[in-house]
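Novice: Not my notes, these are from TrEMBL:
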DOMAIN    A:96-146  domain 'NADH-Ubiquinone oxidoreductase (complex I) chain 5 N-terminal'
DOMAIN    A:162-436  domain 'NADH:quinone oxidoreductase/Mrp antiporter transmembrane'
TRANSMEM  A:29-49  transmembrane segment
TRANSMEM  A:56-77  transmembrane segment
TRANSMEM  A:113-134  transmembrane segment
TRANSMEM  A:146-171  transmembrane segment
TRANSMEM  A:177-196  transmembrane segment
TRANSMEM  A:208-231  transmembrane segment
TRANSMEM  A:237-255  transmembrane segment
TRANSMEM  A:276-294  transmembrane segment
TRANSMEM  A:306-327  transmembrane segment
TRANSMEM  A:403-425  transmembrane segment
TRANSMEM  A:492-516  transmembrane segment
TRANSMEM  A:536-558  transmembrane segment
């Protein structure tokens, strides 16, 4: 294995962002490209074969996803076998764009950050594939569903493995497409199709940000690959330029990760089948924005004002999602609001700089497990309750769906941050990092730390509300569509096993990765080594405070939704509750600020098009037709008239010639 | 009798021919008018040939006769064909390209 020898001779990797990795060849790297190619090929086969693949298509999808996981695991083991200083590997695939000043190679970068994502996406993805085999069993389009899921996995892997912003953009658009196709999977239902379109449009707004950022990078760096751009951004561009690039990247991240102010699409995206919500709109795709910010960390570190905006956006979204989550009665929409809020935590951590990168990714991984698990649990509940999603119509399900109940409880305790569940290790660290003063600015530590702390309390309240309304209390079930009684039942083993695996992850993954700072150490080649800094309050006090607000939130929810009777018809509630039910008027604001002016603009443009452009064109044609009608009268068809005209003309000609000569 | 008289005669014949083409409806008569105009031209050519003492005009007159003969053949054939389809030799009836 000459790659090993090559790695050994490499100089020690700088502790900050590693600009260029070792060139990967031989061994596992000779087939590492399969990690993207397998799901992509499977998606192509399933889509091209059509109904002929209906009988076995779903198993091919599961197999492709599993294959990608195995390849990813092999790459991970290979990298783990290296010294920490040589854990960045670049796999060159060939020249991609060679146009004038732009020379770009297509390549995959295997480093601890991308490999973390690869394993998260393929592992959780495979579990959700397996779950979907049972969940979508009665859907006639199950094969198409698996084709889209595979397409999503391929695009997401390309996104995280790309070694340049352009290739990342290809994956970025790919996941957007897959998300659109899957939200609108039941597109014969008009509101679902509209929801898919809404997600697509909101994502496009963010994509413009990424395109502008790439344009700025090319103008100032002359290149778009990570190696050149991220090596030392401050040497090539002024702080103002870097701030602009950072803000544009943040816009892209906001679109993809449903952060304020582009967050409105995530709630509606729950129109898709529940496994889609679990995989794309909870565990993986919506975290792509966090990945982008962490990956572009070098740019943000050179632009402190852009970094501050990132933190502010994260803090706003964190509270926004949490408040909305408290008022939603639709179990999936409540979970979506929670996802938004948790990604707010990650974005906040990513904006804190190197001190927060590792914890952002850590929370991303644990969140991927417990949130996907809870979404699958919600799907299982819906499966048993005749597709009911209103939590006011659940209640007392713990006795009927034991596995779902226990696995959901693990996810619930994890998101609450109860030790030793995994959320405790990741979220608590983010709160602690938020309390560390940046550049000696004490106010930032207090403001953002407090927001993160309060957010933890609200999270505890709404997640407990969700859990108690669904599984505890008394039954508030409706009858089935055909009028018979509900008979909630446990889901088949194909559905419960993925939930059990994810629940195990929700319980133990945090502790496993936090022991001996395993995870932060693993990410160090990418995120850089950080000296320990002290928060404004001692860490012990912070943990105690966090646990206190969490327990307060839990007890409040217990008293209102487990011991007291939950009304079946939602009570009027306070002004804040009513606002939170309609997502704090985000749709109304978007309508008033963007949609309606846009519609007026298009209407006036259509009018101008009709009146001016069409009018001009039609005027010319009308004039031509009129002139033709006049000239047509000369063409009588009588030969003698023509002859007389000729003679007349000749006589006139003669007269003129004679007149001129004489 | 000077040569000028021939030119005057030629002009009169041409005018008669032109008037026949323009005023008569019968295709045969109009055709004869055309012939008359051609022959008036021939007379004119020959007269000028005599005036200048050259043979060029005479030669040209022969050419005109040959062309006129060919034209008569084609023209009469067309008139006969039209008469067969429309049962009429009036040129005012033939004012449309489609039958």
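From the backbone N, Cα and C atoms, a Cβ is placed for every residue, glycine too.
Curation does not apply to TrEMBL; its annotations are automatic.
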Novice: Which stretch, A:29-49, A:146-171, A:208-231, tops the Cβ pairs under 8 Å count with the transmembrane segment (A:56-77)?
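Specialist: Counting Cβ pairs under 8 Å, the winner is A:29-49.
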Novice: Can you work out which residues elsewhere in the same chain, 6+ from the ends of the transmembrane segment (A:306-327), have a Cβ less than 8 Å from its Cβ atoms?
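Specialist: Answer is 242-243, 245-247, 250, 254, 258-260, 263, 267, 293, 299-300, 334, 337-353, 438, 444, 447-448, 451-452, 454-455, 458-459, 461-463, 465-466, 573, 576-578, 580-581, 583-584.
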Novice: Restricting to the same chain and to residues at least six past its boundaries, which positions have a Cβ under 8 Å from a Cβ of the transmembrane segment (A:492-516)?
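Specialist: Contacts with the transmembrane segment (A:492-516): 124, 127-128, 130-131, 133-135, 362, 365-366, 369-370, 372-373, 376-377, 379-380, 383, 403-404, 406-407, 410-411, 413-414, 420-426.
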Novice: Does the transmembrane segment (A:146-171) reach the transmembrane segment (A:403-425) with at least 3 CB pairs under 8 A, where each pair is 6 or more residues apart?
Specialist: no
Novice: With the transmembrane segment (A:237-255) as the reference, find which of A:29-49, A:177-196, A:208-231 contributes the most Cβ pairs under 8 Å.
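Specialist: Per the Cβ under 8 Å count, A:208-231.
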Novice: Reported in the order helix, strand, coil, what are the DSSP residue counts of the domain 'NADH-Ubiquinone oxidoreductase (complex I) chain 5 N-terminal' (A:96-146)?
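Specialist: Breakdown, helix to coil: 29 helix, 13 strand, 9 coil.
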Novice: Counting only residues 6 or more past its boundaries, what in the same chain has a CB within less than 8 Å of a CB in the transmembrane segment (A:113-134)?
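Specialist: Beyond its ends, the transmembrane segment (A:113-134) has Cβ neighbours at 35, 58-59, 61-62, 65-66, 68-69, 72-73, 75-76, 79, 142, 145-146, 149, 153, 156-157, 160-161, 273, 275, 278-279, 283-284, 291, 294-295, 361, 364-365, 368-369, 372, 376, 379, 491-492, 494-495, 497-499, 501-502, 522-523, 526-527.
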